[in-house]
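Some features that Swiss-Prot has for this protein:
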{"type": "BINDING", "residues": "Gly109, Thr110, Asn111, Gly112, Lys113, Thr114, Ser115", "note": "ATP binding site"}
{"type": "MOD_RES", "residues": "Lys218", "note": "N6-carboxylysine"}
{"type": "BINDING", "residues": "Arg387, Asp411, Asn412, Pro413, Arg414, Gly462, Glu466", "note": "meso-2,6-diaminopimelate binding site"}
{"type": "MOTIF", "residues": "411-414", "note": "motif 'Meso-diaminopimelate recognition motif'"}
Amino acid sequence: MMTMPLSKLFAHASRDPLIRELTLDSRSVRPGDLFLAVPGAKVDGREHIADALARGAAAVAYEEQGANVLPLTDVPLIPVKGLIAQLSDIAGRFYGEPSRQLNLVGVTGTNGKTSVTQLVAQALDLLGQRCGLIGTLGTGFYGELQSGRLTTPDPIAVQSTLNDLKKGGARAVAMEVSSHALEQGRVAALEFDIAVMTNLSRDHLDYHGSMEAYEAAKAKLFAWPSLRCQVVNLDDDFGRRLAADFARRPSVDHIETRLLSYSLESPEASLFCREAVFSDDGVRATLVTAQGERILRSQLLGRFNLSNMLAAVATLLALDYALDEILKVTPQLQGPVGRMQRLGGGDKPLVVVDYAHTPDALEKVLEALRPHAHGKLLCLFGCGGDRDRGKRPLMAEVAERLADRVLVTDDNPRTEDPSRIFDDIRPGFTRPDDVEFVAGRGEAIAHLIATAAANDVIVLAGKGHEDYQEINGERHDFSDLTEAEKALAAWEAPHA
C-alpha cells in the first residue's frame, strides 16, 4: 500500500502523519486518508469535513476562499487558496507522477474520441505495447473496462487510474480528454506526449456558452508543454486552425513538437486517403503519405470511421511505429461497443446502434449507412434533458433530411419533462406530421423494428453503449442493444 508523509504534499502542515490515500468524497474516507474539501457544482466538500474526520481522516486540505467555521480537532486542517486548480498536481505527486512513465495519448473532439482511443489501444496491444484506456466506456485495458460516469474522471481519479494502469503493465495510455476536463483542470498536471483532435461541432454549449469558448477549451490540449506530436484533422475547420497556428510558431518549437495531419479531402495532409471503396465488410482505401502509397483496410463502416482510423494510424506513427507495421494490424481493429454496432441483417432488418447525440454525429452516421439501405433508412433519436436546448431542432433537421422515416423518443430526460423536449425538437422538422413521436424508448424501438422491412436499415441514435436511462435523476436499467435484440427476435415470427 502506498503511503506518503503529509509534508511531501503540504510543507506547512502542523503535523506530519502518513497519508494512505486521497479522496474528494467524505463518504469514502478511511483511516489514514487525506480528505480534499473543495466546493463543487452541487455539493461543497467543506460542509462534510466533520464527517471525514469521524471516518478517520488523517488530514484535511480545504479551499480557503469562502470557508466557514471549521470543526475543532487535533487533525491537521490545511487552508489552500485555489485548491481545485492544484488537485491534479497534488495527486500526481502522491501517485508518483505516473504520466511521466507512460506514452500518454490525449484525444479530444466532439465526436470520435472513444473510437480513436479504442483503435489506438487495440493496435498498440497487437504491436506489443500494452495500452490502457480512460474514457466514456470506462477505464482499464481493452476488453476489461470498468465503467465510470465521466468521460474524463476527476483529478484524483485520473492520477490514481494512471498509476494503477502502469502497475498493471501499461506502457501507454489512450485517454479521452473532454472540454469539461480541460476547462476544470482535471488533467492539468499530466504529461501528454500526443494530442489528437478528431473534429469540432456543436455540443456542450449549455456549459461553455458559445462555440468560441468550447473551441478555446479544446485548444488548451494543443499548447501542452510536454507534447511530442499534435495529430489534427484537416477536414475540420478547427483542425485547420490548429495546423495554421502550429505553422506560425517559432521554428525552435518544431524541434520539440511535430505535427501530423490527416484528411479524406486534402492531399496536403501527412496522411491522405483517396479511392475509398465502402462495402458491408468495411473499407479499402489508398493511403498517400511521404513514404509513398499504401493500401489501408478496415472492417469499420462509414466515411467518418475511416477518418477515425486515420487519426489512429497517425497516432501510431507519432509513437514511432513503421507505417507498414501499422497497416498489418488495421484490418483486425474493431469498433467500440455502441458505436456503429450492427445487429440483425440478412433476412431481417439491419439495426445499427450508435452513440450519435449531436447534429454532426447523426449526420455522419446516416450518410454512412445510406449505401447499406437497400430498402428504407429509418432513424430513431431523442435529446438529453438538462443539456443544450439549441441543438434539439438541429437534430430534427438532420434526421428529416437524411432518413426516409423518423421516430422521436426519449433519450435521458434527466429532470426535464420529456414532452418539453419533444416541443423543442418539433420546430426542426418541415413536415412534423410525417414524424412519429413515441414516449418510452423501449416501446419506440420495438415499434420501429416491428414495422420495418427486411431490407431496411434502422439507426438507433443517442445512447450507444449506455446500459441505463436517466429519468428524474434516477438511473434505470436500459440498453438499446438489449431492446433491439428483443425486437429483432419478435420480428422473425410474423415475417417467417
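Note that Cβ sites are derived from N, Cα and C of the backbone, with glycine treated the same way.
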**OP:** In whole Å, note down how far the CA of Gly109 (ATP binding site) lies from the CA of Arg414 (meso-2,6-diaminopimelate binding site).
**Re:** 24
Original post:
Which residues, in sequence order, are found in the same chain with Cβ within 8 Å of the centroid defined by the Cβ atoms of Gly109, Thr110, Asn111, Gly112, Lys113, Thr114, Ser115 at the ATP site, excluding those residues themselves?
Top reply: Val107, Val116, Glu176, Thr198, Asn199, Asn308
Original post:
What's the CA to CA span in angstrom from Thr114 (ATP binding site) over to Arg387 (meso-2,6-diaminopimelate binding site)?
Top reply: 20
Original post:
From the Cα of Ser115 (ATP binding site) across to the Cα of Glu466 (meso-2,6-diaminopimelate binding site), what is the distance in angstrom?
Top reply: 15
**OP:** Pop the mean pLDDT for the motif 'Meso-diaminopimelate recognition motif' (411-414) in here, whole number is fine.
**Re:** 97
**OP:** List the Cα distance (Å, whole number) between Lys218 (N6-carboxylysine) and Pro413 (meso-2,6-diaminopimelate binding site).
**Re:** 27
Subject >> Non-site residues, in chain order, whose CB comes within 8 A of the mean position of the CB atoms of Arg387, Asp411, Asn412, Pro413, Arg414, Gly462, Glu466 at meso-2,6-diaminopimelate >> reply: His357, Gly382, Cys383, Gly384, Gly385, Asp410, Lys463, Gln469, Glu470
Subject >> Binding residues Arg387, Asp411, Asn412, Pro413, Arg414, Gly462, Glu466 (meso-2,6-diaminopimelate) - maximum C-alpha distance in whole Å >> reply: 17
Subject >> Same chain, 6+ residues apart, C-beta under 8 Å of the C-beta of Gly109 (ATP binding site), given in sequence order >> reply: Val196, Met197, Thr198, Asn199, Leu200, Lys218, Asn233
Original post:
Counting Cβ atoms within 10 Å across all protein chains shown, which of the recorded positions Lys113, Lys218, Arg414 comes out on top?
Top reply: Lys113
Subject >> Residue from Arg387, Asp411, Asn412, Pro413, Gly462 whose C-alpha is spatially nearest that of Gly112 (ATP binding site), among the binding-site residues >> reply: Gly462
**OP:** Could you state the whole-number distance in Å separating the C-alpha atoms of Thr110 (ATP binding site) and Gly462 (meso-2,6-diaminopimelate binding site)?
**Re:** 14
Subject >> Distance from Asn111 (ATP binding site) back to Pro413 (meso-2,6-diaminopimelate binding site), taken between C-alpha atoms, in Å >> reply: 21
Subject >> Neighbouring C-beta atoms (10 Å sphere around the C-beta of Asp411 (meso-2,6-diaminopimelate binding site)) >> reply: 23
**OP:** Pull the DSSP breakdown for the motif 'Meso-diaminopimelate recognition motif' (411-414) and write it out as helix, strand, coil residue counts.
**Re:** 0 helix, 1 strand, 3 coil
